[in-house]
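Feature annotations, courtesy of Swiss-Prot:
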ACT_SITE  Glu126  active site, proton donor
BINDING   Cys12, Cys96, Cys197  [4Fe-4S] cluster binding site
BINDING   His41, His74, His124, Ser225, Ser226, Asn227, Ser269  dimethylallyl diphosphate binding site
BINDING   His41, His74, His124, Thr167, Ser225, Ser226, Asn227, Ser269  (2E)-4-hydroxy-3-methylbut-2-enyl diphosphate binding site
BINDING   His41, His74, His124, Ser225, Ser226, Asn227, Ser269  isopentenyl diphosphate binding site
Amino acid sequence: MNILLANPRGFCAGVDRAISIVELALEIHGAPIYVRHEVVHNRFVVDGLKAKGAVFVEELDEVPDGAIVIFSAHGVSQEVRQEAKRRDLKVFDATCPLVTKVHMQVARASKKGTKAILIGHEGHPEVIGTMGQYDNQDAGIFLVESVEDIAKLPVSSQDDLTFMTQTTLSIDDTSDVIEALKEKYPAIQGPRKNDICYATTNRQQAVRELAKQSQLVLVVGSKNSSNSNRLAELASRMGVPSKLIDGPQDIDPSWLDGVETIGITAGASAPEVLVQSVVEHLKTLGVTGVSNLEGCEENMVFEVPKELRIHEVK
């Protein structure tokens, strides 16, 4: 029995940046540092930051006035930003720059009075933050999760209409939704290419190749990680059994019955140390070989805020 590792896998530039922001803030200012929402959707990462003194909260009313707070990689609404300013909170913003790019698209649409349609998953923190960039009551922003939702849209005119997407969606599903939107609203405007980020795109492509050569695909990632879920779904759609796992403790040995090659990948918020712990555990269950699938190289780096960057250099 062999293991085939997907490439690329694991941390993306936005996740690296978000974790660095929390760690540097703790190093400079000391604990406690408050973080609104899980800074990235991975239990192992969050538990590690908690151990260093990070305090994770869901809303700003849990943060003392004047304290330091970090916004998660998923971004926040304008209302949250205004509340932080009103309460004199010191903010370090760990919003992924690629999410911020979508925020700016929504804010521009709001300012122009252009109706906006966001393709995304209801209730996901990124979607809540992105929807919260729109404040034009005369137009409006509407959420679409699937092709079926398009028929329910309360939008009759295609004039001054634009769409955006969450950054961590299924490429195939999103393409179907965009195609259906353009069929119903031929004049709808949108980004030149969808807003799905490079890391999501690369990891989904890697899983396609992985699934072709595996009888089982394990995706290392937490249950609340959107991009990790999409990886597991993609492998399943290709006819390969797939499991989303937090770590080796989640592996059921019966999954390995009749399997010759186990494909392993990791969501953009899952650290490589978890992948290696899964590999080591599988070796105790009969794996004898480990190889890497060739894939594209990622060189993207996002800088931390200037105040933290100066300290990092020192």
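For all residues, glycine too, the Cβ spot is worked out from N, Cα and C.
Distribution of Swiss-Prot features across the structure.
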| residue | record | DSSP (3 states) |
| --- | --- | --- |
| Cys12 | [4Fe-4S] cluster binding site | coil |
| His74 | dimethylallyl diphosphate binding site | coil |
| Cys96 | [4Fe-4S] cluster binding site | coil |
| Glu126 | active site, proton donor | helix |
| Thr167 | (2E)-4-hydroxy-3-methylbut-2-enyl diphosphate binding site | coil |
| Cys197 | [4Fe-4S] cluster binding site | coil |
| Ser225 | dimethylallyl diphosphate binding site | coil |
| Ser269 | dimethylallyl diphosphate binding site | coil |
Where His41 (dimethylallyl diphosphate binding site) sits in the secondary structure, as DSSP reduces it to three classes: coil
Binding-site residues near Thr167 ((2E)-4-hydroxy-3-methylbut-2-enyl diphosphate binding site), in sequence order, restricted to Cys12, His41, His124, Ser225, Asn227, Ser269 and a 10 Å Cα cut-off: Asn227
For dimethylallyl diphosphate, whose listed binding residues are His41, His74, His124, Ser225, Ser226, Asn227, Ser269, the greatest C-alpha pairwise distance in Å: 15
Integer Cα-Cα distance in angstrom, His74 (dimethylallyl diphosphate binding site) to Cys12 ([4Fe-4S] cluster binding site): 13
Between the residue listed as 'active site, proton donor' and Ser269 (dimethylallyl diphosphate binding site), the C-alpha gap once rounded to whole angstrom: 14
Extra residues within 8 Å (Cβ to Cβ centroid of Cys12, Cys96, Cys197), [4Fe-4S] cluster: Ala13, Gly14, Val15, Ala73, Pro97, Leu98, Val99, Thr167, Thr168, Tyr198, Ala199, Thr200, Ala268
Residue with minimal Cβ packing [other Cβ atoms within 10 Å] among the binding-site residues His41, His74, His124: His124
Residues within 8 Å of the His41, His74, His124, Ser225, Ser226, Asn227, Ser269 Cβ centre (excluding the isopentenyl diphosphate site residues themselves): Val40, Pro125, Glu126, Thr168, Asn224, Ser228, Gly267, Ala268
Cys12 ([4Fe-4S] cluster binding site) versus binding-site residues His124, Ser225, Ser269 - nearest by Cα: Ser269
